[in-house]
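As structure tokens, the structure follows; a few thoughts come after it.
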Amino acid sequence: MASMSFALNRFSGLSSKTTLSADFDPSSRRSFLPPTRVGLKISSAAESEPDLSVTVNGLKMPNPFVIGSGPPGTNYTVMKRAFDEGWGAVIAKTVSLDASKVINVTPRYARLRTGSNGSAKTDVIGWQNIELISDRPLETMLKEFERLKKEYPDRILIASVMEEYNKTAWEELIDRVEQTGVDALEINFSCPHGMPERRMGAAVGQDCALLDEVCGWINAKATVPVWAKMTPNITDITEPARVSLKSGCEGIAAINTIMSVMGIDMKTLRPEPCVEGYSTPGGYSYKAVRPIALAKVMNIAKMMKSEFSEDRSLSGIGGVETGYDAAEFILLGSNTVQVCTGVMMHGYGHVKTLCAELKDFMKQHNFSTIEEFRGHSLQYFTTHTDLVKRQKEAVEQRKAEKRGLKSDKDWTGDGFVKETESMVSN
């Protein structure tokens, strides 16, 4: 990708390590609450197609749909397929320095279906995995990153990285990954299972003191944009998000999977997924988690809007299956929307459906660009106390209107008799 480096301080709204594409337009910088333009569009023969392109932390993508870190980004072949099908960006499966310590088991997935336990033919609404990070040698993954960037120089490739609580190890991993030409880093502070004893993944993301220290190491070394991926398995997700941003991260990605036990087999009485008769809690994803993910994203977006400059980004994750699902995340402030389990369910070509549905939504509401509606729905969230107050005022207003006209200008010719009657007291 043809690019130029900007060395601007935080007051300019861009990090010193942000690399911008040559056609980056500073006027496209994000705003959480764009002007309200909601309303049905009147079709025109000359109407133009909505523009799905986004520029995030200086990285230009053809659309906001990003392959989330996981099985869909395990190797060169599948990541190439994602680019060929039209995904806006690809986040590779998480890598670490020593893949020999990563040992996966089979089976490692389990499904939740609608209906009673044991239903075999109903719709899948939830997905659990006990899969670890990449078990492929780091050298192999790095060669494939480099190959992808040579073949697709204008497409965005993001490396997901995770390492033990060791400054030297983190610095080595970041240095080696960046040498391949990847466009950004996503730091996995959120994997809910596997290797917690090595202080990896959620073991760091749930400890703000550790998180602050590790983010400091990473951001002192990194020269490309850094996104911190949040765990939902915490009381207040805005706390680690705030720490990550204060420590220098350009963006937040949320959420990773939710710690869960998928269920018990009613015949064997063993938990699922069952490996040699045993199991372990794993990460829960797909459609059923979307309401939880939306709430987490909403809270992070509101925090970011009130406390940080507009150059920081937010990548929404959790249960996205349709373009309309994606629109919900964007309406709550997300710059990009990640899809992982959805790709495992529908394949890489599903991005075409996602783009078509998102464009359909935009046409319905007369939106030309993503920025025109990003963050629009944040303004409608308030406290329960305020809801009570608003409803009380609305009820009083309706009662007042029933009691009669408020002003001479409110009289109408057609309803004159009824309007007169409405103001009679006996």
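Cβ from N, Cα, C; glycine included.
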Open item on the list: Based on Swiss-Prot, name the residue from ASN129, ASN219, ASN299 that is recorded for the same substrate site as ASN188, PHE189, SER190, ASN256, THR257.
Closed with: ASN129
Task: Which candidate, of ALA45, ALA202, ALA241, Swiss-Prot gives the annotation N-acetylalanine - done: ALA45
Open item on the list: For the region 'Disordered' (395-414), how many residues does DSSP put in helix, in strand and in coil?
Closed with: 12 helix, 0 strand, 8 coil
Open item on the list: Checking distant contacts: for the region 'Disordered' (395-414), what same-chain residues at least six beyond its ends satisfy Cβ-Cβ under 8 A?
Closed with: 422-423
Open item on the list: Validating a neighbour-count step here. Other CB atoms within 10 A of the CB of PHE189 (substrate binding site): how many?
Closed with: 28
- [ ] To the nearest whole angstrom, state the Cα distance for the pair CYS191 (active site, nucleophile) and THR257 (substrate binding site).
- [x] 7
Open item on the list: My understanding is the cutoff is Cβ-Cβ under 8 Å with a sequence separation of 6 or more in the same chain; which residues meet that for ASN129 (substrate binding site)?
Closed with: GLY70, ARG108, TYR109, THR257, GLY282, GLY283, SER285
